[in-house]
Amino acid sequence: MTMETEDPNQTVVSHFFLEGLMYTAEHPSLFFLLFLLIYSITLTGNLLILITVGSDTHLCSPMYHFLGHLSFLDACLSTVTVPKVMAGLLTLDGKVISFEGCAVQLYCFHFLASTECFLYTVMAYDRYLAICQPLHYPVVMNRHMYSGLAGITWAIGAVHSAVHTSLTFCLHYCGPHHIAYFFCDIPPVLKLACADTTVNELVMLANIGIVAAGCLILIVISYVFIVAAVLRIRTTKGRQRAFSTCTSHLTVVLLYYMPPVCIYLQPRSSGAGAGAPAVFYTIVTPMLNLFIYTLRNKEVKRALQRLLCKGSQETPEGSPPP
């Protein structure tokens, strides 16, 4: 898995070997079917929500615009990791990933994950405006505003990921090529570098920590104002309706933030043992987001019903109209 350089005493890694998830080697077929089921539900469900939000005129508020972005991010985030995991369960060759492929996977993963982090913050701001400043909400959160906010999250996510990817792969990799993980992520890849990674680890902790902590603080501040505003609502029905629009967002934020804290705040301990929390937020959470938003949101459920009923009631080609 290495290729010779000009110096015969040094080699450069051209491929990596992903060791995969713990405990999956005993029953690879079973885990393959499990991940295939999760991936199918995630991809189909999120694309269905994306189509629904984009085509249903009743879902025209900024909240559903952001929900469409979240569904697209979840579908892509799952696609970055799950197919390679399933390939590794079938054959040993499926565990092999080229050096360039590893860099691309790491970039795409952190691009999508960081963009999702920023999007959660924007969604919290949207809920703050809708509940705390309902009269100004239509003016402040106009089409240009929410489209611009969504675009900014993608742009910052791209830059954020580019910084980490370039810092990680500018190092020299000359020795072991076995990544004790199921995809190319910063902590397990840095362990294989034939160079001092102290600076990389400090930048990772500072950058990811500051960004994640900053976003979380903004989300918490938004919800402090939201809770205070909801408690001032006199009717029980009004309070329940206001809280129902926020609980879904809070739930996915908690699911998003808790597992990465276990991984990126302890980079040297990351490895196969960190697979459980990583599986949760890279594979399971994108599927859970789908159910959290659809099962708790009546408007989305009605829109899905309208879309499915419209598809089933379409007149077949060549048949006379009813």
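Placement of Cβ uses the backbone N, Cα and C atoms for every residue, glycine included.
TrEMBL lists 30-54 (among others) with the feature transmembrane segment.
The annotation domain 'G-protein coupled receptors family 1 profile' is assigned in TrEMBL to 45-259.
What TrEMBL lists as transmembrane segment is 66-92 (among others).
Annotation comment: TrEMBL describes 104-125 (among others) as transmembrane segment. Note on the transmembrane segment (104-125): residues 63, 66, 69-70, 73-74, 76-77, 80-81, 84, 97, 149-150, 152-154, 156-158, 160-162, 164-165, 168-169, 183-186, 189, 211-212, 215, 218-219, 222-223, 249, 252-253, 256, 260, 282 of its chain, located 6 or more positions outside it, place their CB under 8 angstroms from a CB of the stretch.
Positions annotated as transmembrane segment by TrEMBL: 146-163 (among others).
Sequence annotations record features per position, and here TrEMBL assigns transmembrane segment to 208-230 (among others). Only residues 6 or more beyond the boundaries of the transmembrane segment (208-230), in the same chain, are considered here, and those with a CB under 8 A from a CB of the stretch are 114, 117-118, 120-121, 124-125, 127-128, 131-132, 160, 164, 239, 242-243, 246, 250, 253, 257, 260, 264-265.
Taken from TrEMBL, the feature transmembrane segment applies to 242-258 (among others). A Cβ distance under 8 Å defines the sequence-distant neighbours of the transmembrane segment (242-258), meaning residues of its chain 6+ beyond its ends; these are 63, 70, 116-117, 120, 123-124, 127, 130-131, 212, 216, 219, 223, 226, 229-230, 233, 277, 280-281, 285, 288-289, 292-293, 296-297.
What TrEMBL records for 278-296 (among others) is transmembrane segment.
Listed as Cβ neighbours of the transmembrane segment (30-54) (distance under 8 Å, sequence separation of 6 or more from its ends, same chain) are residues 21, 24, 64-65, 67-68, 71-72, 74-75, 78-79, 82-83, 85-86, 89-90, 283-284, 286-287, 289-291, 293-294, 300, 303-304, 307. For the domain 'G-protein coupled receptors family 1 profile' (45-259), the model gives a mean pLDDT of 87.
If one looks beyond the transmembrane segment (278-296) by at least 6 residues along the same chain, the residues whose Cβ comes under 8 Å of a Cβ in the stretch are 21, 35, 38-39, 41-42, 45-46, 49, 67, 70-71, 74-75, 77-78, 81-82, 85, 109, 181-183, 185, 244, 247-248, 251-252, 255-256, 258-260, 263, 304.
Under 8 Å from some Cβ of the transmembrane segment (146-163) lie the Cβ atoms of residues 62, 65-66, 69, 107-112, 114-119, 122, 125-126, 203, 207, 211, all in the same chain and six or more residues away from its ends.
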